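Record features, source Swiss-Prot:
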- 44-55: compositional bias 'Polar residues' (COMPBIAS)
- 150: N-linked glycosylation site (CARBOHYD)
- 195: N-linked glycosylation site (CARBOHYD)
- 348: N-linked glycosylation site (CARBOHYD)
- 410: N-linked glycosylation site (CARBOHYD)
- 514: N-linked glycosylation site (CARBOHYD)
- 639: N-linked glycosylation site (CARBOHYD)
- 644: N-linked glycosylation site (CARBOHYD)
- 812: N-linked glycosylation site (CARBOHYD)
- 1-83: region 'Disordered' (REGION)
- 1-90: topological domain 'Cytoplasmic' (TOPO_DOM)
- 112-900: topological domain 'Vacuolar' (TOPO_DOM)
- 91-111: transmembrane segment (TRANSMEM)
């Protein structure tokens with residue numbers, strides 16, 4: 001299920017972010033060859049940051065370990081001018097001192113009344129007043145909902161489009177901008193950013209932001225240079241298809257002549273679904289009308305590779321469910337490293353049932369109806385396999401570029417056609433490819449090594465999670481090939497993969513490739529993050545991101561391929577959330593600090609590169625000016641232990657928090673398997689608005705089933721989604737209801753997508769005992785309505801687990817009737833969580849005589865709810881509905897009497 005993050009308007013974004021399919025950005029994913037550790041033997045992230053002398057930061061709103069307002073080390077500080085501080089006036093100090101005495105008295109009274117909860121372990125040693133909790137921000141004005149929704153609080157984050165130089169040059173990046181003396185598209189050395197006056201303009205690939213073809217000027221939608229920088233693949237007039245996929249007309253742009261020609265001269269207007277360069281820059285493979293084609297650059301002839309593509313058969317691209325739930329992209333074509341073979345997925349969905357999506361206000365198909373039919377809805381039918389329905393049948397095929405043969409390789413002992421998922425394809429050498437196959441319920445994984453030269457294959461590893469712990473295998477795209485290098489102590493090929501060790505996800509190094517027992521690179525009661533690691537091949541060093549310090553944090557670490565010398569590359573003495581990306585050759589790195597303080601990004605040279613370089617590329621100065629204008633809530637990170645499982649909690653307290661006052665509490669959650677909502681990222685979102693402006697406490701707990709807490713806590717939810725997760729929300733709410741500053745009669749819960757399901761499931765399970773209100777947006781209400789690959793991973797098939805599906809569905813109308821009131825909102829054109837879910841629930845509510853709920857429907861909106869101002873309307877409705885709940889307005893509505 002693609003997540004919809006309820007932050008900074010992110011509820012409007014589907015659960016996974018969109019990505020450009022041919023992006024040249026490498027985020028901790030590339031094989032490196034460096035001469036040393038990332039920041040040097042004596043250079044950790046703190047030292048790296050200090051060399052820039054970034055100015056001091058105003059303390060932000062994160063409270064940890066009872067110390068708030070204490071300046072972080074430079075690694076956590078944000079560049080800003082001290083002169084911008086404007087709240088040190090004499091009168092404020094006088095008033096502050098007067099208030100301090102009153103606060104101390106209130107503080108003593110509060111602690112005298114406080115109930116000790118043995119099941120809660122808080123990282124806050126004391127309750128802080130608003131000033132100490134939020135620093136200068138508590139003196140500002142309340143947040144506005146518009147400022148949250150319009151992106152004013154969005155953090156700017158840059159991705160570096162690193163590109164490999166044709167002759168092995170490192171530190172090259174792709175720049176795309178406006179027309180000018182430097183050109184529209186150019187390859188630039190990172191060193192040119194350091195001294196722009198002396199540096200050249202790099203290699204200009206496209207001088208203008210338009211291309212002339214057939215007497216017309218065309219505007220590029222996307223551009224992808226060839227590996228040798230002599231040509232550019234240009235997509236024009238891109239039209240979105242599903243979450244990641246789109247179609248466009250494609251052109252080959254010659255850098256030398258600055259002229260363009262159609263990718264397929266015989267079909268210049270043909271809508272192409274996917275195109276990608278050969279590693280040798282001599283050919284482009286592309287999919288059109290679900291068939292695969294090859295265009296060599298030394299000819300205008302296009303070779304058709306497949307001929308069976310059509311309505312039910314896809315070649316080289318995924319269908320809806322594989323794009324959504326397996327690859328997270330529109331790509332199912334993989335060139336071999338030497339450009340002699342193309343691996344591609346063939347998908348046959350002829351047995352997959354169609355689901356109709358109706359559009360009442362718009363024409364997504366682009367077709368104009370015949371006269372007299374204008375008032376009928378536009379209907380789009382999507383092959384959507386629901387739980388228990390037939391899945392698409394997938395096979396991996398190969399194309400030999402020289403012989404033009406198309407073939408597949410049968411490996412004995414495989415899964416049946418209706419029980420096979422192909423989840424990952426990684427070329428391991430010029431002729432060998434690693435393939436991961438899952439069974440339908442995603443609890444048995446076969447790793448297969450295929451040799452396309454001999455057209456043979458072997459199963460090199462089988463992981464049976466059903467037997468091991470009763471859990472599931474998550475789909476990953478992070479397997480990394482490690483080539484043999486006897487001179488550097490690697491006699492055999494190998495690969496990195498995430499393995500389960502003592503109940504936690506860790507990196508393992510399998511060498512030789514057919515070895516089923518890995519060298520453990522990491523271990524311990526914490527987990528690595530599922531992103532491809534960067535590898536220094538010369539020195540045998542792996543760079544990775546992990547949660548070693550806390551599930552809510554991300555730090556960068558290095559470890560040798562033999563599992564020794566594990567080191568932190570960022571400052572782990574302070575709470576932090578980091579990301580990192582490396583240049584192709586490993587000479588440069590982009591370190592991104594994402595929280596809890598103001599995010600920043602910095603480029604540096606790594607020790608393998610003796611030429612010093614460092615540049616702060618993003619400081620997010622606008623956020624500093626924003627936090628000085630607005631009062632923001634304090635964020636207090638805590639732990640709660642339920643059934644001997646420790647869970648992460650964050651409590652957002654309103655500015656000027658008064659410990660002797662009673663506050664309503666809103667719980668916000670997502671809660672899907674493997675997800676995370678409690679983290680140390682900087683975020684000002686709808687929850688911040690609710691706390692800052694509406695004055696309510698907002699609590700989030702990552703319950704069982706969520707990510708980075710170990711498999712025991714994660715996999716317990718299998719087969720009965722919603723039960724344990726709802727219990728964790730209820731038990732946490734009970735603990736908060738006992739707090740002296742909480743109004744236990746005004747506790748609500750809300751969420752979107754899986755969070756919408758969890759909202760309803762929690763209200764159903766609690767039956768009004770703890771929660772009185774709930775707001776569910778785009779909720780799943782019965783897992784038999786959701787797609788098969790996601791659902792069966794966590795629930796098994798309906799045939800295997802009919803009781804589990806019955807229990808997980810929202811079905812107890814009597815229990816829902818015990819709540820004061822709840823709200824349901826859904827887009828009618830939701831192609832992810834179908835509107836059918838809400839309609840089915842409403843039918844149950846009608847049959848049960850339940851009336852204590854409201855429904856808001858958004859015509860033609862998909863899962864993100866954006867169409868025709870719907871995005872703003874969602875949050876306006878959430879906000880006003882919540883105010884009515886916490887001011888007892890819904891009590892009056894619920895007991896309304898007929899006029900006499």
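One-based numbering along the chain as shown.
Each residue, glycine too, has its Cβ placed from N, Cα and C.
This view paints the features noted in Swiss-Prot onto the structure.
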residue : record                      : contacts (Cβ under 8 Å, 6+ apart)
348     : N-linked glycosylation site : 312, 313, 392, 393, 394
410     : N-linked glycosylation site : 457
514     : N-linked glycosylation site : 449, 458, 460
644     : N-linked glycosylation site : none
812     : N-linked glycosylation site : 764, 767
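Secondary structure at residue 644 (N-linked glycosylation site), taken from DSSP and collapsed to helix, strand or coil, is coil.
Summary for the glycosylation sites 150, 639: the Cβ-based neighbour count within 10 Å is maximal at 639. On the 0 to 100 pLDDT scale, the topological domain 'Cytoplasmic' (1-90) averages 36 in the predicted structure. The separation of residue 150 (N-linked glycosylation site) from residue 639 (N-linked glycosylation site), Cα to Cα, is 33 Å.
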